[in-house]
Amino acid sequence: MPLRHYFRLMDTQARMALRASASRYYLGYLWWLLEPLLWVGVFYVVFNMILDSRRADFLVFLMCGKLTFIWFSKAVTQASNSIVANRGLIAKIDIPKSLFPMATVQENLYKQLAVFALLFATLWVSGYAVSAAWVWLLPLIAVNYLMIVACALIGACLVCMARDFSMFIPLGMTFLLFTSGIFWDVRDLGDPAKTDLVLAVNPLAFVLDAYRQILMYQTPPDAGHLLLIGLVSAVIVIGMAWVMRRGSQFLALKALTA
């Protein structure tokens with residue numbers, strides 16, 4: 001399939017999924033914003049009102065981390081089950097298997113654009129001004145997207161080969177939730193070496209911290225580190241696309257017998 005047709009089909013499938021999802025609920029598209037806001041509200045009550053985070057800017061701090069984490073978590077989790085979920089279509093037509101996780105990732109990207117608009121509005125209302133550092137949001141979001149695609153393709157293949165992996169992925173997301181600095185600041189660990197270690201071994205922690213550095217402190221992220229994460233993610237995406245193309249029939253068989 002030509003790339004132009006592939007991406008057009010991917011986008012069409014994503015838009016159809018968005019409309020179908022919105023039609024199932026009375027509030028429709030409002031859930032794109034309500035769901036992440038409810039998650040932020042839960043974490044705000046627990047970590048600021050009950051546990052007393054002692055941060056005057058905790059709401060903005062939390063939103064910068066949690067809203068971007070939800071994008072990663074939901075996109076990867078949903079995309080991981082996408083091939084198996086579409087086994088009925090796979091049984092009828094020979095179609096690139098990577099199309100299903102990619103369409104799911106694209107669907108979540110559209111939702112995240114609305115969430116970013118909400119985040120930027122909150123920053124403006126809270127007194128945070130737009131600065132030159134915000135230019136770094138473009139490469140940061142691109143790298144974030146590549147990370148999601150890389151993890152989504154890996155997850156989709158694993159779940160296709162063994163449904164058991166679908167049980168481990170939510171557990172992995174919970175692990176990342178507590179280790180990526182969502183509701184605590186990785187720069188407040190007290191030991192610079194420990195902070196550097198967390199940012200080095202956990203790409204998601206680096207990405208979430210980069211959003212905060214740009215949006216809250218007008219500080220560009222480490223360009224070299226960001227480039228490294230982007231390159232590794234791109235290599236994984238290319239490699240997984242090749243694997244899924246070569247193993248298309250195998251993945252189809254595994255999906256149909258799952």
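A Cβ is built for glycine as well, from the same backbone N, Cα and C atoms used for every other residue.
A TrEMBL annotation is a machine prediction, not a hand-curated record.
Remote same-chain partners of the transmembrane segment (25-46), defined as residues 6 or more beyond its termini with a Cβ less than 8 Å from a stretch Cβ, comprise 58-59, 62-63, 66-67, 70, 111, 114-115, 118, 182-183. Annotation source TrEMBL lists transmembrane segment at 25-46 (among others).
The annotation domain 'ABC transmembrane type-2' is assigned in TrEMBL to 27-247.
Here TrEMBL flags 113-136 (among others) as transmembrane segment.
Here the transmembrane segment (142-160) has long-range neighbours at 68, 71-72, 75-77, 79-84, 97-98, 100-102, 104-105, 108-109, 166, 169, 203-204, 207, 226, 229-230, 232-234, 236-237, 240-241, 243-244, 251, 254-255, 258, meaning same-chain residues at least 6 beyond its ends whose C-beta is under 8 angstroms from one of its own. Residues annotated as transmembrane segment in TrEMBL: 142-160 (among others).
Look at TrEMBL and you will find 167-184 (among others) tagged as transmembrane segment. Counting only same-chain residues 6+ beyond the ends of the transmembrane segment (167-184), those with a CB under 8 A from a CB of the stretch are 43, 47, 53, 62, 65-66, 69, 72-73, 76-77, 80, 155, 159, 198, 202, 204-205, 208-209.
Tertiary neighbourhood of the transmembrane segment (225-244): same-chain residues 96-98, 139-140, 142-143, 146-147, 149-150, 153-154, 157, 199-200, 203, 206-207, 210, 251, selected by CB-CB distance under 8 Å and a gap of 6+ residues from either end. Among the features that TrEMBL reports, transmembrane segment is placed at 225-244 (among others).
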